[in-house]
Amino acid sequence: MEKAAGSPAVGGSYPQKNAEILSSQYGINLFLAGLLLTFAWAVHAVGISKSHLLSYLITLMLIQLLWMLWYLCRSCTQRRLIRDKDTHAGARWLKCGITLFAVITLILDSFKIGYYIDFSNCLSPTEGIFPVTHAIHTILQVYFLWCHAKDVIQSFKTLERFGVIHSVFTNLLLWTNGVLTESKHQLNEHKERLITLGFGNITVVLDDHAPQCNCTTTTLCSIFSQGIYYLYPFNIEYHILASTMLYVLWKNIGRKVEHHQQNKTPFKFHGITVGMIFGLIVLTSTIAIVVVYLIQIGGSKIKSELALTMFYLHAIFVLALMCTAGIVALLIYRLEDRSLDNSKNPARKLDAELLVGTAAGSWLLSWGSILAIICAQAHPKYTWYNLPYSVLVIIEKYIQNLFIIESIHREQEKVNDDIKTLRIVTISRGSTLSLTPLYKEIYNGRATHDTGEVPCLFKGSICGRDNDGTGVAKEEMSQDSTSVMHSASDFSFYSRNSVTNSKRRILKNIAAFLFLCNLSLWIPPAFGCRPEYDNGLEEIVFGFEPWIIVVNLAMPFSIFYRMHSAASLFEVNCKT
C-alpha cells in the first residue's frame with residue numbers, strides 16, 4: 001500500500017526534474033554560443049564584427065523582455081491569489097544595491113547613445129540600438145526583481161524554467177561583454193605603462209576598436225569615451241547581481257516552502273561605531289591610494305615603482321587587520337554553543353558557493369605571483385612586497401569565507417520559555433511597590449499585562465490584604481525571601497546577558513569593519529589599479545600573453561568576490 005501510494009508522487013517529480021535539466025542545458029548552450037561570438041570579436045576573427053555580437057545580445061534581451069512582460073501580466077491577473085514566497089531571497093538591501101547599480105548603468109547607456117550620435121557616420125546601427133534596448137531591459141528587469149524576486153513559482157513551471165534560465169544567461173553574457181570591453185581598455189593602458197617600468201622587450205601592439213572617422217564634437221566625444229570606462233565596473237556588478245537573483249528564482253520553481261514567519265533583521269548603526277570608524281578610515285585611505293596610484297603609474301620609472309610600493313604596503317596593512325578581525329570572530333564562535341541551520345535554502349547555498357568559487361580567481365593570481373617571485377632571476381625592490389601581499393590575500397579570503405559561511409548558517413538565538421516570566425511585586429517596609437518589569441520582559445517585547453496574569457497589586461492595595469492582619473509579618477518574611485531569590489536570579493540573568501551582548505557587539509563591529517574593507521578592496525581593481533598588470537615580473541616569468549590571459553580570466557571573479565563578500569557581510573551584520 002505504501003509503495004502504491006508513494007509511486008505517483010515519485011513519478012510526478014520526473015517531468016519537473018527533466019524540465020530543470022533541459023532548461024539548464026538550454027541556458028548553457030545559449031551562453032557558450034554567445035561566449036564564442038564574444039571571443040571571435042575580441043581576436044578579430046574573419047567575418048565576425050561587433051555588430052554580429054550586439055545583434056545576438058539584442059535578440060536575447062528582446063526575448064527576455066517578452067517573457068518578463070508575459071509574467072508580469074499573468075501575475076497582475078492573479079494578484080488576488082496567495083503565492084508562496086521565499087523569505088530568504090531578494091532581501092531589500094540587495095534590491096537597493098542592484099537599483100543603485102542599475103541607475104549608473106542607465107547613465108552608461110546614455111553615454112553610449114551620445115557616443116554613437118557623435119560617430120554615427122562610421123558606426124553600425126546596432127551600436128545605437130543596443131544601448132536603447134539595454135536601457136529598457138534594465139528598467140523592466142529591476143522592476144521585475146523588486147516585485148517577484150521572492151516568488152516560488154508553482155504554475156507553468158516548465159515554461160517558467162526556460163524563461164528564468166534564459167534571463168540568467170542573458171545577464172551573464174552582458175556581464176561577459178562588459179568585462180571584455182573594460183579589460184581591453186585596461187590592457188591598452190597596461191602595455192603603455194610597462195614601457196615606463198623598463199620592460200622594453202615586451203612588444204606593444206594596441207588592440208584598438210576605435211571608430212575610423214572623426215567625431216562631430218571633439219569635447220563631447222572625449223567625455224563620453226572616457227566616462228564609459230569609469231562606469232563599466234557598476235554595469236558589471238549590476239549584471240552579475242541580477243543573474244544571481246534570477247538563479248535563486250529558477251531554483252525555487254516548484255519548491256515546497258515551509259510556512260513559518262521569519263524575524264525581520266533591519267540594519268542598525270547602533271553599537272557598531274568602532275567598526276564603522278576603522279572601516280571608514282580604511283575606505284578613505286584606499287580612495288587616496290587609488291588616486292595617487294593612477295596619477296603616478298606610467299609617469300616615470302621611479303614614480304611607477306613608488307606607486308606600486310605604496311599600494312603593496314597599504315594592502316598588506318589592511319589585509320593583516322582583516323585577518324586579525326576574522327580570527328577574533330571565529331574564536332568567539334568557538335566559545336558559543338549554537339547549532340547550525342541546515343534547512344534547504346537556495347539563496348544561502350548560492351552565497352556560499354559563490355564565495356568559494358569566486359575566491360579561486362584571486363587565489364590563482366596570488367599563486368602565480370608567488371611562483372614568479374620564486375622563479376625570477378632578477379628582483380626589483382618593489383616586487384618583494386608582492387610576496388607578503390599575495391600570501392595575505394590567500395589567508396584573508398580563507399578566514400573570511402569561513403566566518404561568513406558559518407555566520408549565515410548559524411541559527412538565530414532563541415529565548416527560552418523560563419525567561420518569559422513576570423517580576424514578583426515586592427513590598428518594602430516603607431510600602432514602596434516595584435512595578436518595573438524585568439529587562440528580560442522588555443527584551444522579549446512583552447509587558448506584564450501581555451501574559452494574561454494579574455499582579456497582586458491589582459488584587460488589593462498590598463499582597464495579603466485579604467488576610468485579617470494576623471499573618472502580615474509572616475507574609476512580609478515570605479515576600480522578602482522571594483525578593484532575595486529573584487534578585488539572585490536577576491543578577492545571574494543580567495551577567496549572562498551582558499556577556500552575550502558583548503559578544504554580539506564585537507561580532508557586529510567586526511562585520512561592519514570587514515564590510516567597509518571589502519568595499520575598499522573592490523575599488524582598486526574595479527577602477528584600474530591592478531598591480532597584477534603593472535608589476536611586470538609575472539610577464540617575464542610566464543610570458544606576456546599567457547599571464548595576461550590568466551589575469552583577464554581571474555580578475556573579474558576577484559572583483560566580484562569583494563562586492564559579494566560586502567553584501568554577505570551586510571547580511572551577517574543584520575542577523576547578528
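Glycine residues also receive a Cβ, built from the backbone N, Cα and C atoms like all the rest.
In TrEMBL, annotation is done automatically, which means it is predicted and not curated.
Annotated features in TrEMBL:
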- 26-47: transmembrane segment (TRANSMEM)
- 53-72: transmembrane segment (TRANSMEM)
- 93-117: transmembrane segment (TRANSMEM)
- 129-146: transmembrane segment (TRANSMEM)
- 229-250: transmembrane segment (TRANSMEM)
- 271-295: transmembrane segment (TRANSMEM)
- 311-333: transmembrane segment (TRANSMEM)
- 354-379: transmembrane segment (TRANSMEM)
- 506-528: transmembrane segment (TRANSMEM)
- 540-561: transmembrane segment (TRANSMEM)
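When Cβ distances are compared across the two stretches, the transmembrane segment (311-333) makes no contact with the transmembrane segment (354-379), since fewer than 3 pairs at least 6 residues apart fall below 8 angstroms. The stretches the transmembrane segment (540-561) and the transmembrane segment (271-295) are not in mutual contact, being linked by fewer than three Cβ pairs under 8 Å (pairs 6 or more apart in sequence). Relative to the transmembrane segment (506-528), the listed stretch 229-250 leads the set 26-47, 93-117, 129-146, 229-250, 354-379 in CB pairs under 8 A. Among the listed stretches 53-72, 93-117, 229-250, 271-295, the one sharing the most Cβ pairs under 8 Å with the transmembrane segment (26-47) is 53-72. Between the transmembrane segment (229-250) and the transmembrane segment (129-146) there are 3 or more Cβ pairs closer than 8 Å, counting only residues 6 or more apart in sequence, so the two stretches are in contact.
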